[in-house]
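Heads up: the structure comes next, in structure tokens.
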Amino acid sequence: MYGSEKVTDGAGRTAFRRAEKKYKLYYDENSKSSKKKKQPKPVDLTEVIDFKAILECYNRNGELPRGVIALQGEDSRPVFCLENSPGFYFIPEALSIEEQFHWIKESLTNFPQPPNRTNHNAIYGPVCDLFIAAKDGKVLIHEENSPNSLPGSNPDVGIEDDHEWKFSKKSQHSLRGSKCKSISASVLLRKLRWSTLGVQFDWSKRNYDLSLPHNKIPDALCQLAKRLAKPALPAGIEFQPEAAIVNYFGLGDALGGHLDDMEADWSKPIVSLSLGCKAIFLLGGKSREDPPLAMFLRSGDAVLMAGEARECFHGVPRIFTDKENAETNDLEVHFVHEDDLCFLRYINSSRININIRQVF
Ligand code: OGA
Ligand code: MN
């Protein structure tokens, strides 16, 4: 799956790679050397499909651009399909602001909790309560006399001793001097790239590993995914959510073109939710040579990929973290409680993607 992220056609030799380069975040050469904050290079967005605008126009006068089909989803809200991309469904504004608010909080607090794994496991072992630790300004400290503390030792070895890395107050840390390795929780939070729910995906083997301890995916997420998956399934066939991958994107992060091909039944959709900053999604064809379509993904949008669309390369070359383009204003209005400001601060410059899968 994500192994294909390692792009071997670095020179932009495939159509997919060329599109990734077109939309990727680059900085203006001139602004780098100047004292001014570096400015992102302007990017031509005229070819990016905007389903928000399509929805508005469709609701106003029933008109659709060529190649776009509208199905009637729940509460007669439209679900859009593309004539030339069977199995792909776009549900604009699938989640209410309240739902977005809820899933952003879950993604930052509960989803990265052990036994769910995150990208930090390989180095630090299971890390508990990362978001709270970041909020409290804590530091993750490596105990000095631990037997597994040899520098450069296999990171997985340390996992057996789950007391090795511990959160501690910053002040206590400075008292101990600089002998132990440490990293601040806020840096770790910024470096959180994924967490896995339900059946755990083993990134090194690039497969699901049933032997890893796991919880069922949360029931509310399961129900939501079942409801959203309906347009992509024949009547009477139910989607069985068994795993989810949560991706966290910060400034400059991207998800390279890939296929999700480790699930048994490709007739079942992947249900993919967008939260936070607006992004560009590329939907390619079965070959990297097929020029991809670019479209905006906004907070609250859902995408379904089933059947033939499961065989199509796709990726996220860009997220927008600037105020004008991020389009997180609606969230800002909702996250007003003092306790919520830390979530707002995170999501104003980040994007979260939850993609839910039936594995077997
Ligand atoms: C994935 C994926 C898309 C997104 O995680 O497999 O394709 O919108 N995510 O982030
Ligand atoms: Mn994918």
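Keep in mind that glycine also has a Cβ here, set from the backbone N, Cα and C atoms.
These come from TrEMBL:
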DOMAIN    240-360  domain 'Fe2OG dioxygenase'
BINDING   HIS258, ASP260, HIS314  Fe cation binding site
Cβ atoms within 10 Å, counted per site: which of HIS258, HIS314 has the most, among these binding-site residues?
HIS314
According to DSSP, which of helix, strand or coil covers HIS314 (Fe cation binding site)?
strand
By DSSP, how many residues in the domain 'Fe2OG dioxygenase' (240-360) are helix, how many strand, and how many coil?
25 helix, 45 strand, 51 coil
